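All remarks here apply to the structure that follows.
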């Protein structure tokens, strides 16, 4: 097929028509849509759903059924809901929210599943404790976990109604955690009655970013579709090359039944031709999928900068590289500082070092059970500052009415019930709120107090409600000591808060901007689906730490480990394949120009490997 024919096919794609035909309530046909980077996957999803709604609205409404869409993040849910005009005929949710909606109320099944799971976990921990050599941090953690599970097992019969929140901490006795909800859904959905419940509620289920859906749960959906193909349409949308989470199903494309439709969207409407060429070469050894740029796409620019890894080096080199990119591309925005580009890093802590919130982020991230709330902004201490303090201080820059309205919406002192209980002292309460607000705003105007100092004002005045464990940390005072070697979750959490108390408020402000997606930084994993004019990708294994990804291995600087070789021979995932996919995702974010910055033990070898692999030409690589 000629390039001209390919372009004509892409200008008049059949993929959207195929999907719309599959969404037929009388004769449903399941499908797997391959949608490469920048191909308009979300557009196809939305248009297909609009078409189905237009044809079947009356029937779906009469039967009380909904079209279900699962996507990976809350932000993606909101975007799809917006494009579908928040139609109640469509239920858009994350995988956790969907799973809970399916199993909620099946309390007896939940209880028995937990009984079996907890007993198995206790047996496994007992075995580890028997084999432990002496008392150490691991054995203490295992013993604490074993005792906690035993207490939970004993109390199961006392719980009549299990609860769960996709965005909450889920700490109460009757609460289920995130992984339990997903695992239960995977266990319950393939069999009646839940199989019938799902099909009756949702005759069509569309899964966006299907390659990153929890593997066992994806198997469950495939089993469900195979059991009732005449009643249930399963639509999977995604690109296996963009699988970046380890719990996604390996080899999803090979698991798709032969009778499914397999439409493709091959045109990359985002990237310039040079970037499309690059990501095609990066992908070439993985599968047969090949993208083409949109007609009239600009050439664009790609440069790779290789530098030697030096202990303790600062990040001024990245600014120098940005200025070089401005010269090469003629785009002066590259030279306007961090805000002029999107810098993609592997770990959040790397953004923390560059943006100045490492002191707040690191101790909280070190406490495992805080990770989810930390990264999605739902951790109570973050909500205190992100949703409590920050809006009040921002409102103070406007006028008195705006700031008092901000306080009214947030302060327990202005709660109608509290004011009613104050009786004749309401005026005094209002005056105290005004003084407290003024004190807080003055403290944070042209000043950078410690977080502990801000918290003391809040506690002393009662202006905002403080999380209980944060209050306990305040009572003990700030510390810079390392975390104790204990397994007590509450004690570790309180210790992390004590470290945060000694950090500057500006660190919390910087982290708020990062967590809300307003910073010039993003993680390699967190930008899937996004696009930016100017992209700088930072490859730095040593700074990132960890073992799941290795750019040094991918670039041939470091040999593959015996485990990598073993996994490759067995057809399993390994650090090289994971890293290749991550590089593909990051490079394919660029709309105009792309800079890849490699910190390497041997930059010359990295350069030679890239040239040999055909990724870039010699004149596109600079060794610094």
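The backbone N, Cα and C atoms fix where each Cβ goes, glycine too.
Listed in TrEMBL for this protein:
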BINDING   35, 36, 37, 38, 39, 40, 41, 42  ATP binding site
COILED    115-142  coiled coil
DOMAIN    14-285  domain 'UvrD-like helicase ATP-binding'
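Features per TrEMBL, on structure.
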residue	record	Cβ contacts under 8 Å, 6 or more apart
35	ATP binding site	15, 41, 44, 237, 238, 239, 264, 265
36	ATP binding site	239, 241, 265, 266, 268, 289, 291
37	ATP binding site	239, 242, 268, 270, 271, 279, 291, 584, 585, 588
38	ATP binding site	268, 269, 270, 271, 531, 588
39	ATP binding site	265, 266, 267, 268, 269, 291
40	ATP binding site	265, 269
42	ATP binding site	76, 79, 80, 83, 208, 529
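Secondary structure at residue 38 (ATP binding site), taken from DSSP and collapsed to helix, strand or coil, is coil. Other than 35, 36, 37, 38, 39, 40, 41, 42, the residues of this chain whose Cβ falls within 8 Å of the Cβ centroid of the ATP site are, in sequence order, 239, 265, 268, 269, 270. Over all protein chains present, the Cβ of residue 41 (ATP binding site) has 22 other Cβ atoms lying within 10 Å.
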